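Chemist: Checked TrEMBL, it gives:
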type	residues	note
TRANSMEM	132-152	transmembrane segment
TRANSMEM	159-177	transmembrane segment
TRANSMEM	215-236	transmembrane segment
TRANSMEM	257-279	transmembrane segment
TRANSMEM	352-377	transmembrane segment
TRANSMEM	398-418	transmembrane segment
TRANSMEM	462-485	transmembrane segment
TRANSMEM	497-521	transmembrane segment
TRANSMEM	537-557	transmembrane segment
Amino acid sequence: APPCALPVQICVSECPDRYATLLSAYGNAAALEYYRDFCTPEFRNSRKAPIEVLKDKECPAMLIPSTPLARRCFPAIQAKKGVIMVGNETTYDDGRGHRRNRRFVFPCRKANVVLETRQLAMKIFEDYTVSWYWIIIGLVIAMVASLIFIVLLRFLAGIMVWVMIVMVILVLGYGIFHCYMEYAKLKGEAGSDVSLTDLGFQTDLRVYLHLRQTWLAFLIILCVLELVIILLLIFLRKRILIAIALIKEASRAVGHVMSSLLFPLCTFFLLCLCITYWACTAVFLSTSNEAVYKVFNESACPFSGQTCKPETFNTSNVTKLCPDAQCLFAFYGGETAYHKYLIVLQFFNVFMFFWLANFVIALGQVTLAGAFASYYWAFKKPDDMPAFPLFSAFGRALRYHTGSLAFGSLVLAVVQVIRVTLEYLDHRLKAAENKFAKFLLSCLKCCFWCLEKFIKFLNRNAYIMIAIYGTNFCTSARNAFFLLMRNIIRVAVLDKVTDFLFFLGKLLIVGSVGILAFFFFTQRIKLVQDTAPPLNYYWVPILTVIVGSYLIAHGFFSVYGMCVDTLFLCFLEDLERNDGSAEKPYFMSQNLRKLLKKTNKGQPEA
């Protein structure tokens, strides 16, 4: 087959929009004038025969309707009724009175793959254009549901937690029932017994829903998840009571600092600024290259492969010593010191992105911790609390703790950059046959993953100690670590159990909104059946709503999580300072204090 790329490379002002061949252009003055725009400057005043022009590589043999992409002209491929077309045509005139098939125009083997990917992207884009407002409505429903859930926790924490647990079990149970009914309904239908491996990857995911094996896989996954949750609830039933009491106390704290529920929006906005800065810098660095031209020739030439300038090439000594040499575009890049170290600048840009993103997250954590710590250590609540606890904590963090937050973020960013580097090396070494290198790389990836999780845990508690005492990062990290180690049983009992309950809350909101989106976009709700937009792939808006709902629910529950962690660390510090003496004032409700004291070092459970 002929090559996919034409041998003549020309920089043009715009891509060709029609079929044309050099032979046909010579017979038409207007066509030849149009053709000159896609030839080298030497051809403009040339009167050579077509065969000489092609031999000297001054013009391409043919022009193809193309579209610009990444400063390149690519054939304008599309498909109509399963027929691949280039420029709305399947054939073209070769200049000799014959019609050629488009296979001669675009013979690349992966043309169908490129076309299918392009069609998939266009259909997904079309689905977003007709369903974006319904997606926004779904996300608003998720936000309202999360807010109502948080408000109800303020007054009915115990009841809401148990309702949440029951609802999660019921939602999963309905999922199991629905999967079984779909599995049973497909029994005996033609083509439903085809295995997933035999079917392979299909761009239309609706095909998989007509297979029994798909619903069987969903059924098994949901059954395993349901069983795991039920077993955890059975074994953690007593610890759940303690976690509920701590959530009640956290609900009181959130009730006194209601503005904390909106603070994740500030963190989200700052993260968007970080992402925008990183993306803009990466694009500017990537596009700061310049066109590099090199000498190409067919015979032996001492200047072959050297850099040249098209403007002065014809008057240089190269053309005299090598008559068949040409100065052609090679690539975008550069040979200056800046261009040589461009990859280093991109690497530094990635590092700065991690550092800034971690700093923004740390600022949010220390702000929330400062607000909730002011609630805990207030003797009379809310009289002894600042008028605006969240803004006061935010101001203290910016004024006094910027260095500590930057240092903690720097440590975490270094580890994350090392992980990214290891992932890059793993990607490059996939084709390598060295098993020891792969094993060593896997071990390093696992170790640095664990290290990142540990540093995140340590930083989170260090920021709480910074918010309480105002000490530097290293001192706060050391004090928080040893405080948690002295109360490791309490940490194991409460921290993970409350995380589990918050996960169930997220699962309930995401599952409920996801099921509602599924029934709406698949037009299974009769009341709004005609309102649902026609879609190519209904999983596009459903997945978008599910992911967006999780992020929204995570934002609300992260406030509660930070509140629980802050109150818990404050309680441990309070317990060691006051030693539970009766004459010492209680900063936490006495019922919760008694429950927490039962989970001391010597006994994991009361």
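Glycine too: its Cβ is placed from the backbone N, Cα and C atoms.
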Chemist: Is it true that the transmembrane segment (497-521) and the transmembrane segment (257-279) have 3 or more CB pairs under 8 Å, sequence gap of 6 or more?
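Modeler: No; fewer than 3 Cβ pairs under 8 Å.
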Chemist: Which stretch, 257-279, 398-418, 462-485, tops the Cβ pairs under 8 Å count with the transmembrane segment (537-557)?
Modeler: 257-279
Chemist: With pairs restricted to those 6 or more apart in sequence, evaluate whether the transmembrane segment (462-485) and the transmembrane segment (132-152) have 3+ C-beta pairs under 8 Å.
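Modeler: Answer no, regions not in contact.
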Chemist: Which bits of the chain, at least 6 residues beyond where the transmembrane segment (352-377) starts or stops, bring a Cβ under 8 A of a Cβ in it?
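Modeler: Result: 250, 252-253, 256-257, 260, 263-264, 266-267, 270-271, 274-275, 277-278, 385-386, 389-390, 392-394, 396-398, 401, 405-406, 408-410, 412-413, 416-417, 459-460, 463-464, 466-468, 559, 562-563, 565-567, 570-571, 574, 587-588.
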Chemist: Do any residues of this chain, six or more beyond the ends of the transmembrane segment (132-152), have a C-beta under 8 angstroms from a C-beta of it, and if so which?
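Modeler: Result: 160, 164, 254, 261, 505, 508-510, 512-513, 516-517, 520-521, 532-533, 541, 544-545, 548-549, 552-553, 555-557, 559-560.
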